[in-house]
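Per Swiss-Prot, the features are:
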BINDING   HIS550, HIS554, CYS652, HIS656  Zn(2+) binding site
Amino acid sequence: MTGDELRSAFLRFFEKKGHKILPSASLIPDDPQLLFTVAGMVPFKPIFWGKVEPVYTRVTTCQKCLRTNDIENVGRTPRHQTFFEMLGNFSFGDYFKKEAIIWAWEFVTEVLKLEKDRLWITVYEEDEESFKIWKDIVGVCEKKIIRMGKDTNFWGPAGPTGPCGPCSEIHYDTGLNEDCSDGECTPANSDKRFLEIWNLVFTEFYQDEKGALYPLPRKNIDTGAGLERVASVVQKVESNFETDIFKPIISKIEDVLGVEYKKDEQKDISIRVIADHSRAVSFLIADGVFPSNEERGYVLRRILRRAVRHGVLLGAQKPFLHLINETVIEHMGNTYSELKNRKDLILEVTRAEEERFFKTISQGNEMLRDIISRSSKVIDGEDVFKLYDTYGFPPDIVVDVAKDYNLKVDLEGFEKLMKIQRERARSARNNVEYAKSQEIYDELAQKSKTVFVGYDTLECEAKVIFLKKSGTKYEAVFDKTSFYAERGGQVSDVGQIVWDGGSASVEHVFIPVEGIIVHIINVEKGELKEGTKVRLIVDREKRLSTARNHTATHLLHAALRKVLGTHVKQAGSLVTPEKLRFDFTHHKPLTDNELMSIENMVNEIILRSIPVITEEKSYKEAVAEGAIALFGEKYGDVVRVVKVHSFSEELCGGTHVKNTGNIGLFRIVSESAISSGTRRIEAITGFNTLNYLRVKEQLVGNICEKLGTSQDEILSKIENLIEKNINLQKELQQFKSKLLVSQLKQTPFEQIKNIRFVHCVFNDIESNELRNLSDIAVAGENSTVALLFSTSKDKVNLIVRVTQDLAKKIKAGDIAKYAAQILEGGGGGRPDFAQAGGKDPSKINSVIEYTRKLLEQN
C-alpha cells in the first residue's frame with residue numbers, strides 16, 4: 001500500500017462511518033498562540049472550546065503539520081520530521097470512546113491488515129472506561145493494555161491553554177531485540193521496539209493559563225496518526241525515509257548532489273535532513289510564508305538554510321534545494337494543489353534564499369574556522385552573536401558544525417546578546433494579561449456583538465456594552481460603530497466620542513475576537529459607563545486619506561502582476577493616512593523602467609476615474625471570477641469583493657474611495673528588499689504626493705542656489721564637482737602615503753646579531769596601506785624581520801614580514817599566532833607573510849619584546 005493509497009483508504013474508511021472529508025487547513029493557523037498548525041485538531045480548536053457550532057459532527061482529514069521543537073533530531077533518527085501529514089477522525093459531541101476505539105482497531109487490523117499479536121495498547125492510568133473497552137469489547141489481551149501516566153497519556157493543550165484530555169495509543173511491535181531492564185519489553189519501557197502509530201484523544205477538558213481543568217460543553221474525539229509513520233509499518237521498512245513517500249525525493253537528492261543513500265551514515269543524515277526540509281520549505285512558501293528574521297519567516301529561513309548547509313556537507317557548491325523542491329511539487333502536487341498552483345513562487349523564493357545563504361556561508365565559514373581554531377571546549381556566545389549579527393549566520397548551524405568538532409556552544413550567552421533584537425511581537429503571544437483579555441472578549445462575544453456601519457456612514461449613535469480600564473486609557477465596546485478596526489494591513493480609524501456631559505478621543509480600534517470591536521479611548525471630559533448612549537464620530541480627513549491609499553494599494557498590486565508577472569503575491573501591507581507600504585514576492589530589484597511602467601499604469605487608472613465597486617458574494621464565486629485571495633487570510637462563505645473594472649479585483653474588508661479619480665495622484669517613493677525574495681514599495685497619494693513634490697522642488701532650488709547654477713545645468717555642475725573631489729582625494733591619498741613612508745623610513749631599525757629588525761606603529765590606517773608599507777619595509781633587503789602595527793581606540797592590526805633567507809627558521813605565521821594571543825585576537829599566515837588582529841593595543845610592546853627575544857635566540 002503506497003502513501004497515497006493509505007491516505008485515501010483512511011479518509012474513505014471514515015467517510016463510510018458518516019464522517020465528512022475536509023481538505024487540509026493551512027500550515028498558518030487562525031490562532032494567536034501558535035506559529036504553525038502542529039496537529040490535526042488545531043483547525044477545530046474553536047469547536048472543541050465550544051465557541052463555534054460545528055457544521056458537521058463527524059469529520060476526517062489528512063492535515064499538513066509542522067513542528068520544529070526536535071529539529072536537531074531530524075535526519076538522525078528514523079522517525080523525526082519537521083513537516084508531516086496527520087491522519088485524523090474527529091467527533092464534535094457525537095460519538096465518544098467506544099466508537100473511536102472500535103473503529104481504530106477495525107482500520108488497523110482489517111484495512112491495513114496489521115498482525116493483531118503485534119499490536120499493544122496504552123491508556124491513561126485513571127481512564128478505566130477505555131481500559132474496559134479495549135479488554136472487554138475489542139478483545140485485546142489484558143497484559144497488552146498498559147496503564148501510563150499523565151506525561152504520556154494525557155494530551156494537550158496545543159499551546160498554553162486549550163482543549164485537552166486522556167488518550168489511548170496503539171503501538172506496533174517492530175520485533176527489534178532490546179534488553180528491557182524491567183523484564184518483558186512493553187511500550188512502557190521500550191521506545192525503540194514499540195512504535196506508536198495512532199493516538200486517540202478523548203477531548204473533554206479545557207485547561208486555562210494556570211493549568212486548571214474545566215469540562216468542555218461537549219465531549220469530543222480527536223485522533224491522530226502520522227501518515228509517514230503508519231506507511232513505514234505497512235510497507236515493512238525500518239524508517240519513514242524508506243517509504244515510497246520519501247523515495248522520489250531521496251532519489252532526486254542522489255542525482256543532484258552525486259551521492260548514494262545507504263552507503264555512509266553521516267551522508268545519510270544529511271540526505272534525510274534535505275529530504276524532510278525540502279517538503280517543509282515547499283509547503284511553507286505555498287502557504288504564504290517567506291524567509292525573514294522574525295516569527296514564521298525566521299523558522300522557514302532556519303529550515304531552508306539548514307537543508308543547504310547539509311547540502312554543502314555533501315559537496316554542494318551552488319544552489320540545489322530548489323531542484324529538490326521541484327520533485328516535492330511533482331510528487332505531492334496532485335494531493336495538494338497549492339504546490340502546483342504556486343510552483344514558480346516556491347522555486348523562485350527558494351533559489352533566491354539559497355543564493356543569499358551561499359554568500360553568507362562563504363563569508364561566515366572563514367570567521368567560523370578561525371573561531372573553532374581558538375576554541376578548546378566551548379564556542380563563546382559572543383562569537384556566535386558576531387557571526388549572526390555580521391553575516392546572518394544562524395546559531396543552529398554553528399551548533400551543527402560544532403558537533404563535528406566535539407565542541408559545545410554557549411547559546412545562553414548568545415541569547416543574552418540577542419535579547420534586544422528578539423523582543424518582538426512574539427512576547428505578546430505568551431503574555432498572561434493578553435490571554436486573560438482574550439478570555440474576557442471570548443465570553444462577551446457569546447452574549448453580544450458589535451455591528452460595523454462604517455462602510456455607509458462616519459457617524460452613528462451607539463451604546464456602551466463593555467468598558468475596561470487599561471492603564472490610563474479605557475477599552476470600550478459598543479453595540480455598533482462607524483470606526484474601522486485595524487485589520488488586513490489597514491490602520492484603524494481615529495476620532496471622537498461625545499455623550500451628554502462628556503467626550504473622549506478614539507486612539508485605536510481593534511478586533512480581539514470575531515464580532516467584538518474594541519476602541520482604545522482617552523476620556524477627556526465627564527465619566528463614561530456601561531449603558532451610556534454616545535455618538536461616534538470618525539475623523540473624516542484621515543479616513544478619506546486612508547481610503548485613497550488602500551484603493552491605490554489594490555491598483556499597485558494589479559500593476560505589479562501585469563508588469564512583473566503573476567508570481568507576484570502580496571507578502572504584507574500597511575495602509576495609513578500618510579502612505580502605503582506594500583510587500584510582495586519578487587526575486588530581484590525592480591529596474592527604473594519597471595517602476596516607471598508600474599507608476600504610469602496606476603496613474604492611468606486614476607485619471608480614467610473608474611468607479612470602485614464593492615459587493616458581497618460567495619467565496620467560491622468570487623475566486624472563480626478571478627478575485628485575488630491573500631495567503632493566510634481566513635474567509636467566510638460570504639466575502640466582500642473590491643473591484644476596479646477589469647483591472648483589479650480582490651477580497652477585502654477595508655475602506656476604499658468611490659472612484660479612482662478620488663485618489664488624485666500616485667507616486668512611488670521607494671523600492672527595496674526586506675528579505676530574500678521579498679521586495680517592498682512605499683508610495684503616497686493625494687495631497688501627500690503634492691506636498692512631496694513641493695519639498696523635492698524646494699530642495700532642488702536650494703541646491704541650485706548653493707551651487708550658483710540653474711536646474712538645467714545642475715547635473716553637469718555636480719559631475720564637475722565630483723570629478724574635482726576624486727582628484728583631490730587622490731592627491732590627498734598620495735600625500736598621506738608619502739607621510740607614512742617617511743614615518744617608516746625615519747623609524748630606526750634594530751640590528752640583532754645579523755638580523756635587521758623593523759617595528760613601527762601607525763595610527764588607524766587601512767589594511768591595504770599597511771600591507772604596502774610592509775612591502776617597502778623589506779624591499780631590497782635580506783635578513784629582515786618587520787612588525788607593522790595599525791591602532792585605533794580598541795583595535796590593533798599587525799602584519800609580520802620575514803625575508804626568504806630567514807623564513808625557514810623564523811616563521812612569520814608563528815610570530816602572528818603568538819601575537820594574536822597577546823593582543824587578544826586571532827592570526828596566522830605563511831612563513832614569510834602573516835597577519836594578526838586583536839583588541840588590546842596596549843600589548844604592542846609585549847609583541848615587540850617577544851619578537852626581539854626570538855631573534856636573539858637565532
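Quick reminder: no glycine exception, Cβ is built from N, Cα and C everywhere.
The residues near the Zn(2+) site, meaning same-chain residues not in HIS550, HIS554, CYS652, HIS656 whose C-beta sits within 8 angstroms of the mean position of the site's C-beta atoms, are ALA547, THR551, THR553, VAL612, VAL642, GLU650, GLY654, THR655, in sequence order. When secondary structure is read from DSSP and collapsed to three states, CYS652 (Zn(2+) binding site) falls in the coil class. Of all Cβ atoms in the protein chains displayed, 26 besides its own lie within 10 Å of the Cβ of HIS550 (Zn(2+) binding site). Long-range Cβ neighbours of CYS652 (Zn(2+) binding site) (same chain, at least 6 residues apart, Cβ-Cβ under 8 Å): GLY488, HIS550, HIS554, ARG640, VAL641, VAL642.
In the three-state DSSP assignment, the secondary structure recorded for HIS554 (Zn(2+) binding site) is helix. Counted within 10 Å of its Cβ, the other Cβ atoms near HIS554 (Zn(2+) binding site) come to 28, all protein chains included. Its Cβ placed at the centre, HIS656 (Zn(2+) binding site) has 25 other Cβ atoms within 10 Å.
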